[in-house]
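Straight from TrEMBL, the features:
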- 1-19: signal peptide (SIGNAL)
- 35-350: domain 'Glycoside hydrolase 35 catalytic' (DOMAIN)
- E182: active site, proton donor (ACT_SITE)
- E262: active site, nucleophile (ACT_SITE)
- 397-508: domain 'Beta-galactosidase 1-like first all-beta' (DOMAIN)
- 538-599: domain 'Beta-galactosidase galactose-binding' (DOMAIN)
Amino acid sequence: MFLLRAGTTLLLLLVFAQSLGSPRSFSVDYQHDCFRKDGERFRYISGSIHYNRIPRVYWKDRLLKMYMAGLNAIQTYIPWNYHEMYPGQYNFSGDRDVEYFLKLAQDIGFLVILRPGPYICAEWDMGGLPAWLLKNKNIVLRSSDPDYITAVDKWMGKLLPMIKPYLYQNCGPIITVQVENEYGSYFACDYNYLRHLTKLFRSHLGEEVVLFTTDGASPGYLKCGALQDLYATVDFGPGGNVTAAFEAQRYAEPRGPLVNSEFYTGWLDNWGSPHAEVPTAVVAKSLNEILAMGANVNMYMFIGGTNFGYWNGANAPYKPQPTSYDYDAPLTEAGDLTKKYFAIQEVIKEYRKIPEGPILPSTPKYAYGAVVMKKLLTISDALDKLSFSGPVNSTNPLTFIELNQAFGYVLYRTTLPVNCTKPTPLSSPLNEVHDRAYVSVDGVSAGILERSKVIAINVTGNAGSQLDVLVENMGRINYGKDINDSKGLLSTLYLGTLPLTGWTMYSLSIDEAVSQGLLGDKEATPTDAPQPVALSPPTFYSGSFIIPDGIPDLPQDTYIKLPKWRKGQVWINGFNLGRYWPSRGPQVTLFVPANILSTAAPNNVTVLELEKAPCSAGPCTVEFTADPILNGPVYSDHKQRRRLFSKEDLL
Ligand SMILES: *[C@@H]1O[C@H](CO)[C@@H](O)[C@H](O)[C@H]1NC(C)=O
Ligand SMILES: *[C@@H]1O[C@H](CO)[C@@H](O)[C@H](O)[C@H]1NC(C)=O
Ligand SMILES: *[C@@H]1O[C@H](CO)[C@@H](O)[C@H](O)[C@H]1NC(C)=O
Ligand SMILES: *[C@@H]1O[C@H](CO)[C@@H](O)[C@H](O)[C@H]1NC(C)=O
Ligand SMILES: *[C@@H]1O[C@H](CO)[C@@H](O)[C@H](O)[C@H]1NC(C)=O
Ligand SMILES: *[C@@H]1O[C@H](CO)[C@@H](O)[C@H](O)[C@H]1NC(C)=O
Ligand SMILES: *[C@@H]1O[C@H](CO)[C@@H](O)[C@H](O)[C@H]1NC(C)=O
């Protein structure tokens with residue numbers, strides 16, 4: 001009798017447990033101020049990792065290291081412009097295979113907090129919005145503007161159905177999905193836009209998924225960022241008053257779990273400002289306070305990674321971010337373990353059982369040494385190889401987007417209409433060179449115009465001389481009201497008081513030309529012309545190196561350093577590593593992941609030097625070293641950095 005009754009109870013318990021446990025559920029418990037996962041009280045300790053800043057072959061290594069630190073969740077953005085480079089042309093393969101990234105995270109044992117935008121900030125070009133949106137000059141981004149909404153609906157109509165199978169309730173890893181990003185920091189304050197996004201997300205993802213927003217931890221930010229049906233969370237860095245910061249969340253969300261969606265382990269860099277460093281002890285102390293309150297936290301970044309190619313963003317007034325997105329995070333740009341990593345692990349240990357077993361070591365780095373570079377063609381000598389679409393003529397200059405080019409470089413060419421025997425100012429009075437222009441007259445460098453820094457230079461030359469202006473897009477503003485950041489010459493240049501007309505523009509497909517080997521490897525014939533002292537016209541250089549034999553486990557990661565080179569872009573085997581600018585600082589070395597190196601053939605290094613290569617006295621070299629330098633000297637007039645950072649630093 002007793003046995004029978006016990007058996008029945010057990011059976012009933014089993015049935016009951018099953019009805020609780022299946023289907024899987026994840027929700028906000030307002031009554032008990034927590035999340036609930038399958039009915040159980042749940043708290044996440046998460047870290048940010050952006051798959052778009054790490055080569056695919058290293059995703060697993062980085063995720064495993066994050067797992068061993070004691071995290072139970074990861075957070076990632078999805079950058080729209082990375083997946084839809086041209087309207088309607090989607091790319092989800094290779095390094096852009098976000099589904100594979102989600103599966104990997106789940107296999108390792110992570111839950112995922114997904115932030116699909118459409119706007120993401122992230123120190124990423126234009127905050128993740130595609131530049132082609134700017135074809136409509138009057139578009140109001142991040143608002144109910146119908147043109148913007150049409151594009152968002154189409155993108156989300158592609159992305160969200162793809163994501164749906166990965167929701168927690170559908171047996172995937174995604175527990176929560178963020179709508180927009182820090183919308184309360186944007187001038188538009190358009191509630192209809194947030195309402196539209198909420199409906200859009202719900203229509204694709206269903207009623208059950210927890211949707212949330214993130215804003216700076218003050219009522220001022222939450223006012224325009226929070227909305228009914230979206231769970232409001234906050235973000236704030238270490239060193240402040242954690243209780244007070246969460247009180248701001250309570251302003252928008254009187255009940256429910258406390259959540260810091262971006263707890264800053266470090267901070268972003270800008271060219272010309274000292275490398276940001278946030279002390280480990282400060283990070284550990286605030287993390288401990290957050291966890292002691294029972295709050296949920298996402299550490300931004302847990303690993304920053306790299307802005308390969310042209311993907312870096314910029315702050316306003318115009319200050320672009322460098323190639324490295326190291327962020328002074330607990331894992332370095334290259335995924336290496338730091339003191340900060342172990343300090344954070346120690347804190348987490350106090351609150352949850354961390355996995356046992358060895359932590360993957362930092363990946364080995366190899367110093368391949370110096371590589372001799374030879375001079376190839378200048379940009380203007382290589383125009384037939386670089387300009388796939390041919391020149392376009394127009395009275396006034398066209399922008400990059402009007403030329404259907406999103407990134408890189410465009411050459412603007414015209415002639416001097418008058419004799420300039422005396423130095424005559426060439427200027428952009430309204431500061432509309434976006435962002436840096438390398439000017440030459442009849443093939444001789446005349447100077448550099450730079451947005452918000454140099455709006456006029458002097459030129460000399462006869463009437464009819466060829467004026468070449470190579471304009472570099474240094475990255476679109478990703479934060480604030482100026483994210484509609486067009487590139488190129490936004491209005492014409494003036495010679496003295498004379499507006500220049502009759503422009504011929506060459507859209508340049510440099511990446512394609514480099515990876516297809518179109519620049520050749522014929523060394524430029526040395527000329528008898530005297531070497532320019534200050535600047536040379538933008539010129540390509542190339543060199544190659546072989547991975548040594550007989551050393552096990554090569555190729556390994558490395559860093560490229562360009563001592564005495566000034567500013568430019570560098571490719572290895574056609575892969576665009578990013579921009580170098582040691583003459584501005586603070587970044588000195590660029591991360592070179594092993595997966596782009598080859599043992600089967602010589603590795604080809606291509607450099608586009610925009611200002612002047614160190615080649616006048618003897619051969620010039622680039623150097624592969626085993627040690628990164630991200631905190632080199634800076635040559636700029638920016639104000640000194642504080643040691644702790646907040647949203648206000650971005651204003
Ligand atoms: C898609 O992206 C991957 C990874 O960056 C790249 O290798 C591939 O060439 C891209 N495909 C197209 C069609 O552009
Ligand atoms: C950017 O958008 C804002 C808001 O619509 C507008 O006021 C501003 O003129 C635009 N700027 C440019 C350069 O188009
Ligand atoms: C932190 O903020 C809370 C709430 O505003 C306040 O009660 C407390 O005194 C503050 N702590 C410190 C050390 O300033
Ligand atoms: C464009 O302008 C250049 C320079 O003035 C001229 O040589 C060329 O013929 C023009 N091309 C077209 C298609 O008009
Ligand atoms: C420019 O100067 C040259 C002599 O150096 C002269 O022949 C020519 O007429 C001048 N052109 C203009 C447009 O003034
Ligand atoms: C341009 O030349 C004029 C006259 O020689 C000189 O006064 C001025 O400082 C120069 N401007 C620049 C920007 O070099
Ligand atoms: C480097 O360029 C050479 C010559 O074009 C080519 O044979 C070789 O395969 C290239 N190396 C790699 C790793 O692509």
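Using the three backbone atoms N, Cα and C, a Cβ is placed for every residue, glycine included.
Mapped onto DSSP classes, the domain 'Beta-galactosidase galactose-binding' (538-599) shows 3 helix, 27 strand, 32 coil. Across the domain 'Beta-galactosidase 1-like first all-beta' (397-508), DSSP classifies residues as 3 helix, 57 strand, 52 coil. The C-beta environment of E262 (active site, nucleophile), restricted to residues of the same chain at least 6 apart in sequence and closer than 8 Å, consists of S48, T214, D235, F236, N298, Y300. Computed over the domain 'Beta-galactosidase galactose-binding' (538-599), the whole-number mean pLDDT of the model equals 97. Neighbour density for the residue listed as 'active site, proton donor': within 10 A of its CB lie 25 other CB atoms from the protein chains shown. Annotation note: E262 (active site, nucleophile) sits in a strand segment as assigned by DSSP.
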